[in-house]
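Comments concern the structure below.
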Amino acid sequence: MFNIPAVAVSYLIGSLSFAVIVSKYYGMDDPRTYGSGNPGATNVLRSGKKKAAVLTLLGDAAKGLVAVLLARVLQEPLGLSDSAIAAVALAALVGHMWPVFFGFKGGKGVATALGVLLALSPATALVCALIWLVMAFGFKVSSLAALTATIAAPLAALFFMPHLSWIWATLLIALLVLFRHKSNISNLLKGKEGKIGEKR
């Protein structure tokens, strides 16, 4: 049985948009107003502030990790099922993509998804991270690296995740991330997608 409070807390944690928070801290423009308009680390990097981009990446990944780890630590005391943990994982990503604190205008979810996967299955997260790194360094296109790693996630989950509900959650997470990258997919097909760090 899903625990509604646990899912709600996870959604609220996911709703913390570190791209906006970090940018505001450094006196930068709201990342939703320049570049791709996406409040994520890649777009923050376009501002030229590498430290802000790194902090955004770490913050977005950490919130996914913390939301799911918190639920796993409290799983027995709260009587949370494995399916409830899967729902918590999804809620963190949904919060990032449609954050209640920022007008439901969120990011594409790559870093948060990685944090969620790290909490569910470190091996799955490691596979995805390695694929992202290879693709990013090889092609210098963030979205291509993200899409490749995203597609690999459910396949890796089949081998490394212990619960079927978590595998299904990983598949849904991958589909959500792919959905949020639909404009990037279109640009890739047209050969118009920008390189990492390139200003628009």
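Placement of Cβ uses the backbone N, Cα and C atoms for every residue, glycine included.
According to Swiss-Prot, the feature transmembrane segment maps to 2-22 (among others), an assignment based on sequence analysis. Sequence-distant neighbours of the transmembrane segment (2-22) (same chain, 6+ residues past either end, Cβ-Cβ under 8 Å): 30-32, 38-41, 43-44, 52, 55-56, 58-60, 63-64, 66-68, 70-71, 74, 78-81, 83-84, 87-89, 91-96, 99-102, 106-107, 112.
The transmembrane segment annotation in Swiss-Prot covers 51-71 (among others) and rests on sequence analysis. Same-chain neighbours of the transmembrane segment (51-71): 6, 9-10, 13-14, 16, 18-19, 21-23, 26, 28, 40-42, 44-45, 80, 84-85, 88-89, 91-93, 96, 107, 111-120, counting only residues six or more beyond its ends whose CB sits under 8 Å from a CB of the stretch.
Marked as transmembrane segment by Swiss-Prot: 84-104 (among others).
Nonlocal intrachain contacts for the transmembrane segment (114-134), taken as residues 6+ away from its ends with a CB within less than 8 angstroms of a stretch CB, comprise 60-69, 72, 85, 89, 92-93, 145-146, 148-150, 152-153, 156-157, 159-162, 166, 169-170, 173. Residues or ranges marked as transmembrane segment in Swiss-Prot (evidence: sequence analysis): 114-134 (among others).
Taken from Swiss-Prot, the feature transmembrane segment covers 159-179 (among others).
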